[in-house]
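One structure below.
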Amino acid sequence: MLWYDAAAGDGLTYPPFVDKALKLFNLKQVAFEIENSVLSKVSCTACKAGAGLLQHYIKSGKTEAELMKMIAQYCTNLNIQSPRVCEGVAHLFGSELIYVLQRVNLGPDELCSFIIGDGCGDVYNPYHEWEVIFPPVPKPPRLSDLPMPMEAAPFFKVLHISDTHYDPHYVEGANADCNEPLCCRLSSGRPANPNAAAGKWGDYRKCDTPKRTVDNMLAHIADTHKDIDYILWTGDLPPHDVWNQTKQENLEIIKETVKQMTEKFPGVPIFPALGNHESAPVNSFPPPYVNQVDISINWLYDELDVQWRRWLPQSVSHTVRRGAFYSVLVRPGFRIISLNMNYCNNKNWWLLLNSTDPATELQWFIYELQSAEFSNEKVHVIGHIPPGHSDCLKVWSRNFYKIISRYESTITAQFYGHTHFDEFEMFYDPHDLTHPNSIAYIGPSVSPYYDLNPGYRIYYVDGDHDTTTRLVIDHESWIMNLKEANLYGYPIWYKLYTARAAYNMKALRPSDWDKLLNELTDNQELFEMYYKNYWKNSPARPTCDAECKKRMLCDCKSGRSHDRRHFCADVESKIDEGSSKSWKSWFYRGLTNSGEHNTVEEDMNTTSWGGLDIIYGTFG
């Protein structure tokens, strides 16, 4: 088996199993799915082909330089990305990917099931099965429901900023519709169509946030919300130019953004969490046992400790430097725990070596929660990747879900980012799905990447009083209409909606969110309002059919990743039933208008609908 075909010059020839796989999938779809974390059988096939090819050439004794060249040519020749992006990806990711694949004893099926999850089969892998250990302390009695927060009680006003993705190389007028993962830069070229020129304040296409937009947003927040008590800052500061990032440039963006936050909000406590884009290359977070100087993550964690020290006590330095997580007592009886969710990130190749509780973060998390339970403290958890998202490893998410259930009386809210959308995620008792026990708030992104308006969240949290619940009382989402800002030359930030008023919720307890989820399933008008808010009222949002609705509401229901069959059957069946009824109604109205039938009752009672049910079930 040859790497190069001598007759074709640099043309690659592939082993038969790879060549066959390449004919079966749409490579542009693969690139889209990887960018958007919506992975299907197509991506699974591509993953197996790529992994099989790499392992084939590693076993054949190719050098690292040859392998990296092969990765770049595989990417370029198959038009997965532009040659410049392919070469950059091979240079940035090749060494660590080769390092990991040389040391794992897994075939393509196991590798891709691990990385992609339920979109690639549920292959049993004993090397990546593990369980956290709970202390022998009985769980406090479960309440039938949490108490309602007092309406007139004191509260905290909390700002949540996520996914800034500040792009220092954004250029107004540059091509916003390029053929690379990130556009709107000088390197993107000039647009062939004037309508594809990058706007002054950002763009709905594949573009991140210009500095002027970040500056304007922070100035607006400081002026509009002068009474902020503290800030949750859930990561992803660098842009999406994942093929040409450097450690130094990412550190400069972190330093610059931290300085900016300190200056705009002097004296306001800020609690940060680490995103997946802070590392270079993106998603690369070696656990502590990978301690070689050239590949360890110390370069990032040590700097985070220095930068975060502006707001955090010195006592958390050890865990920040070890794993970029920490626990802080905000008030007597109230604690915030920040987790490094990159240890559940299935695009973090280092976890293939050993995924067992990296940096012992979850065991430490249990220790902190047990201490909080003994001390009658309430806890808010913050992080970047939501634990139920497809980017989170199934085994990690399963253990996390158990922890949330065990300490449901201690954890009163969770806060994440990463998806760029305005949404939420539910948690239930693993043994009783009728009992919702926690809610994760997923805040909107500042970045418009892509097809989105920039946004941020304000939470009102039950404050300091004798009967405080530390629950979120209400929240608001604020956005800037990017289209109008670019049209009129100046952005206007406004409140898009308030949760309780928009969704007619009497409170924001887990049971209230569970009730809303059921109403979103049944009430199409309410769902359309949620869908508008999910997209931050973007004029570029696509239409949402029944499959889209099922995916979105299943995401809300699944605080445990890669387990949709367990959580979503009832939601999906209700939506299918509703779609079937709507179709029948539409079909019958057409018959009635043509004069072929007399009454609805007469038609609905005929057995002919049985045949239509079969047809609809087959093709719907």
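For all residues, glycine too, the Cβ spot is worked out from N, Cα and C.
If you look up TrEMBL, you'll see D163, H165, D236, H420 marked as Zn(2+) 1 binding site. A 10 Å cutoff on Cβ-Cβ distances gives H165 (Zn(2+) 1 binding site) a total of 25 other Cβ atoms nearby, all chains included.
Per TrEMBL, the feature Zn(2+) 2 binding site maps to D236, N276, H384, H418. Residues within less than 8 Å, Cβ to Cβ, of H418 (Zn(2+) 2 binding site) and separated from it by at least 6 positions along the same chain comprise S162, D163, T234, G235, D236, G275, N276, M341, H384, I385, P386, H389, D391, I442.
Feature annotation from TrEMBL assigns disulfide bond to C44-C120 (among others).
The 10 Å shell around the Cβ of C47 (disulfide bond) contains 24 further Cβ atoms across the protein chains shown. Under the heading disulfide bond, TrEMBL lists C47-C112 (among others).
Its Cβ placed at the centre, C75 (disulfide bond) has 23 other Cβ atoms within 10 Å. Here TrEMBL flags C75-C86 (among others) as disulfide bond.
Feature annotation from TrEMBL assigns disulfide bond to C178-C183 (among others).
The number of other Cβ atoms within 10 Å of the Cβ belonging to C184 (disulfide bond), over all protein chains shown, comes to 32. What TrEMBL lists as disulfide bond is C184-C207 (among others).
Here the Cβ of C392 (disulfide bond) has 26 other Cβ atoms within 10 Å, regardless of which shown protein chain they belong to. Under the heading disulfide bond, TrEMBL lists C344-C392 (among others).
The feature disulfide bond is assigned by TrEMBL to C544-C548 (among others).
Around the Cβ of C554 (disulfide bond), the number of neighbouring Cβ atoms within 10 Å comes to 18. Taken from TrEMBL, the feature disulfide bond covers C554-C568 (among others).
When averaged over the domain 'Saposin B-type' (40-124), pLDDT in the model lands at 86. For 40-124, the entry in TrEMBL reads domain 'Saposin B-type'.
Using C548 (disulfide bond) as the reference Cα, a 10 A cut-off selects none from the recorded positions C86, C112, H165, C183.
Spacing of C207 (disulfide bond) relative to C568 (disulfide bond) is 33 Å (Cα to Cα, whole number). Taking Cβ-Cβ distances under 8 Å and a sequence separation of 6 or more, the neighbours of C44 (disulfide bond) in its chain are C112, I116, G119, C120, G121. Same-chain residues with CB within 8 A of the center of the D236, N276, H384, H418 CB atoms, the Zn(2+) 2 site residues themselves not counted, are S162, D163, T234, G235, L274, G275, H277, M341, N342, I385, G417. Fewest Cβ neighbours within 10 Å among the disulfide-bonded residues C112, C120, C183, C344, C548: that distinction goes to C548. Of all the recorded positions in the list C75, C184, C344, H420, C568, the shortest Cα-Cα distance to C178 (disulfide bond) is found for C184.
Recorded residues C344 (disulfide bond) and C86 (disulfide bond) have their alpha carbons 26 Å apart, per Cα-Cα distance. Between the CA atoms of H420 (Zn(2+) 1 binding site) and C392 (disulfide bond) there is a gap of 16 Å, rounded to the nearest whole number. Candidate disulfide-bonded residues: C86, C178, C207, C544, C568. Fewest other C-beta atoms within 10 angstroms, C544.
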